[in-house]
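Data first, discussion second: the structure below is written as structure tokens.
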Amino acid sequence: MTRAFLIVMDSVGCGGAPDAADFGDEGANTLAHIAQACAAGRADAGRSGPLRMPVLDGLGLGAAIRLASGAETPGLAATPTGLWGAATEVSRGKDTPTGHWELAGVPVPWEWTTFPDTDPAFPPDLLAEMARAAGTEGTLCNTHASGTEVIERFGAEHLRTGWPICYTSVDSVLQIAAHEEAFGLDRLLDVCETLAPRLHAMKVGRVIARPFLGSEATGFARTQNRRDFAIAPPAPTLCDRVQAAGRRVHAIGKIKDIFSGRGIDTVAKGSDAALMEALIAAGQVAEEGSLTFANFVEFDSLYGHRRDVAGYARALEWFDAQLPRFLATLRPGDLAIFTADHGNDPTWHGTEHTRERVPVVGYGVGVHEVGIVGFRDVGATIGAHLGVEMFDMGKAMLP
Ligand SMILES: O=P(O)(O)O[C@H]1O[C@H](CO)[C@@H](O)[C@H]1O
Ligand SMILES: [Mn+2]
Ligand SMILES: [Mn+2]
């Protein structure tokens with residue numbers, strides 16, 4: 001028996017989605033546009049020159065981007081030595097749960113409910129229920145907004161009135177920001193948990209608690225205590241299947257939240273730097289036959305949504321530079337797959353995710369070109385590697 005490691009680099013897409021135009025994203029390409037900006041000297045803050053990702057590129061990252069989209073990938077030109085290809089999503093959503101569920105074998109069969117870009121974005125009865133759940137006279141913002149900007153804009157008023165800051169985006173989400181000390185973290189989590197069943201019944205995918213700290217004088221900043229209350233996946237996923245086979249499933253990052261707690265045995269949380277240490281520790285100690293499923297969110301939350309190209313490039317280079325320590329923990333017969341859940345092209349207009357294919361690069365099976373596959377085939381590959389029955393959930397890409 002051998003182990004599997006499924007590592008999602010949140011939002012690290014590679015363009016080429018055949019239905020990108022339906023999402024207003026034709027031409028978006030997170031990785032290629034970052035590589036091109038780096039090579040052109042347009043991403044020199046805190047780093048410089050062409051994008052350097054020798055480990056993932058060596059496995060086949062540059063080749064995967066070119067396969068997915070035909071884009072040029074300056075700096076990423078290695079001959080692949082690993083499993084490599086790119087995956088296309090079929091579910092009609094470009095959000096995190098949709099991407100992860102389909103990677104885990106379960107496409108989303110329904111249309112998500114999103115809120116219109118109006119002021120307010122939420123219907124009157126929901127606004128009233130949000131205030132009731134918070135025990136306040138009202139709620140602040142109530143429109144589409146960017147999460148870092150919204151706490152700067154409403155932080156002081158929040159401290160004055162005690163009202164929670166409620167906002168949404170093109171994703172199927174209700175996000176609630178509140179001060180960890182003045183409002184209280186537990187109270188914020190309770191409000192989100194109280195509202196979640198009603199939102200889930202409306203097919204709104206997640207209620208997200210967005211705690212922050214700070215003051216008008218110091219400025220406001222979000223903390224690590226974000227919590228997602230997600231709707232449950234519509235069918236058993238890879239995590240459930242692995243667990244049902246009597247194996248352990250180790251979640252690193254927000255995986256447990258994304259799967260609504262289902263099919264997970266252990267959880268490690270923290271910054272991406274802390275998650276990398278957790279991944280390395282899992283490489284050292286994870287049991288034979290186990291699945292370690294990781295999500296590294298900062299590419300998306302700190303750089304993609306903020307349209308920070310140099311920051312995104314720094315994060316990619318940091319991640320790649322850590323990988324030798326992780327790969328050194330792998331044993332003969334282990335499989336590690338690196339992929340993504342959607343795009344978030346920092347050179348694109350707006351501040352939202354972008355519909356893209358995602359790279360699929362793997363370590364542990366030698367050189368193996370898999371071509372263009374489906375998101376579900378990633379889960380099927382992990383299942384096949386672990387010898388776990390995945391039924392009709394995709395096609396394994398093993399040699
Ligand atoms: O601007 P922030 O709060 O980071 O919001 C982003 O995070 C949400 C959940 O991942 C997405 O819907 C996106 O809008
Ligand atoms: Mn995501
Ligand atoms: Mn996001």
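The count begins at 1 with the first shown residue.
A Cβ is built for glycine as well, from the same backbone N, Cα and C atoms used for every other residue.
Residues or ranges marked as domain 'Metalloenzyme' in TrEMBL: 3-388.
DSSP classifies HIS342 (Mn(2+) 1 binding site) as coil under the three-state reduction. Sequence-distant neighbours of HIS342 (Mn(2+) 1 binding site): residues of the same chain at least 6 apart with a C-beta under 8 Å from its C-beta are SER11, GLY13, GLU89, LYS94, ASP95, THR96, THR98, GLY99, HIS353, THR354, ARG355, GLU356, VAL358. Under the heading Mn(2+) 1 binding site, TrEMBL lists ASP10, ASP341, HIS342.
The number of other Cβ atoms within 10 Å of the Cβ belonging to HIS353 (Mn(2+) 2 binding site), over all protein chains shown, comes to 31. Residues or ranges marked as Mn(2+) 2 binding site in TrEMBL: ASP300, HIS305, HIS353.
Listed in sequence order, the binding-site residues among ASP10, ASP300, HIS342 whose CB lies under 6 angstroms from an atom of ligand 3 come out as ASP300. Using the Cβ center of ASP300, HIS305, HIS353 for Mn(2+) 2, the list of other same-chain residues with Cβ within 8 Å runs, in sequence order, ASP10, SER11, SER301, GLY304, HIS342, ASN344, THR351, GLU352. Within 8 Å of the centroid defined by the CB atoms of ASP10, ASP341, HIS342, the record's Mn(2+) 1 site, lie the Cβ atoms of VAL8, MET9, SER11, VAL12, GLY13, ASP95, THR96, GLY99, HIS100, ASP300, ALA340, GLY343, ASN344, HIS353, VAL358, excluding the listed residues themselves. Rounded to a whole number, the C-alpha distance linking ASP10 (Mn(2+) 1 binding site) with HIS305 (Mn(2+) 2 binding site) is 11 angstrom. Among the binding-site residues listed (ASP10, HIS305, ASP341, HIS342, HIS353), HIS305 have a CB atom closer than 6 Å to some atom of ligand 1, in sequence order. Averaged across the domain 'Metalloenzyme' (3-388), pLDDT for the predicted model comes to 97.
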